[in-house]
Amino acid sequence: MSNGAMPKPGESDRADAPRHVAIIMDGNGRWAAARGLPRAEGHRRGVDALRKVVRASHELGISYLTIFSFSSENWSRPASEIGDLFGLLRRFIRNDLATLHADGVRVRVIGERDGLESDICALLNEAEELTRNNTRLTLVVAFNYGSRQEIANAAQRLAREVAEGKRDPATITTDTLGSYLDAPDIPDPDLIIRTSGEQRLSNFLMWQAAYSELVFVPIHWPDFDKAALESAIAEYATRERRFGGLVAKTGS
Ligand code: FPP
């Protein structure tokens, strides 16, 4: 997710459609609190919203959808809430994998696998393996993910190659480092959406977001739907992307 590869056959070439949309699904807790419901109910309704948005994404011609499902910082939440989130991931994969596969969705997972329970790792591997040849939409699940950790891991691998005499430090470019990130074959996000009104990246895709357009929407994640996605894309379509140059360019 770093080299801005050209569209491949089957990928969207619509001028105004972002090829890769990444979403920070925020506001589940506040959605629940506003209704006097437990936070777990907010997360459960968040999974319902996710299902709708995955479907809407392939209907809208998006080729890659990345979702921030569990951040490295989420470990600081109460154990019961962490248990709820892991339970939802288990159920999402067990219940939805067959449908995702039938719909042509390829699942990829980014983030740290070390330290995750073995059944979670097995489910993540199963989702990736089963769907590896699907081409309609790539769903990148950022789970136990933090951008600084991802970059540090890449730096560590490169440092090891230098220490072993396999690499000259002068050969390390931004493309090299990018190719050591978790999903180097996935193009950078064109559009990053954050729900709930918060306006920050919170350690999400910080390398890959260098030239992403950011759209912040005031609604909480459980209320996000196809219409909200279309409206974020319409906002994206008004932006002029110059990638540091002087003239507008089309995405990646
Ligand atoms: C933010 O809401 C959301 C999360 C921490 C996790 C997002 C998870 C889901 C949508 C459900 C799980 C999906 C999968 C595939 C596992 P928040 O709790 O930070 O809300 P708040 O800021 O209002 O408290």
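Cβ atoms are placed via backbone N, Cα and C, with glycine included.
Any TrEMBL annotation is an automated prediction that lacks curation.
So that you can see what the record holds, here are the features copied from TrEMBL:
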- ASP26, GLU213: Mg(2+) binding site (BINDING)
- ASP26: active site (ACT_SITE)
- 27-31, ARG39, HIS43, 71-73, TRP75, ARG77, ARG194, 200-202: substrate binding site (BINDING)
- ASN74: active site, proton acceptor (ACT_SITE)
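Of the listed binding-site residues, namely HIS43, ARG194, the sparsest Cβ surroundings within 10 Å are found at HIS43.
Secondary structure from DSSP puts GLY27 (substrate binding site) in coil. Taking the C-alpha positions, the distance from GLY29 (substrate binding site) to GLU213 (Mg(2+) binding site) comes to 26 Å.
Annotation for SER72 (substrate binding site): same-chain Cβ neighbours under 8 Å, separated by at least 6 residues, are GLY111, GLU112, ASN144, TYR145, GLY146, GLN149, ASN203.
Checking the binding-site residues GLY29, SER72, LEU201 against ligand 1, the ones whose Cβ sits under 6 Å from it are GLY29. Ranking the binding-site residues TRP31, TRP75 by the number of CB atoms within 10 A of their own CB puts TRP31 at the top. Highest Cβ count within 10 Å among the binding-site residues GLY27, GLY29: GLY27.
Counting every protein chain shown, the number of other Cβ atoms lying within 10 Å of the Cβ of LEU201 (substrate binding site) is 17. Note on the binding-site residues ASP26, GLU213: the fewest other CB atoms within 10 A surround the CB of GLU213. Ranking the recorded positions HIS43, ASN74, TRP75, ARG194, LEU201 by the distance of their Cα atoms from the Cα of ASP26 (Mg(2+) binding site) places ARG194 first. DSSP assigns ARG194 (substrate binding site) to a strand segment in the three-state reduction.
Look at SER72 (substrate binding site): DSSP puts it in a helix. In the three-state DSSP scheme, LEU201 (substrate binding site) is classed as coil.
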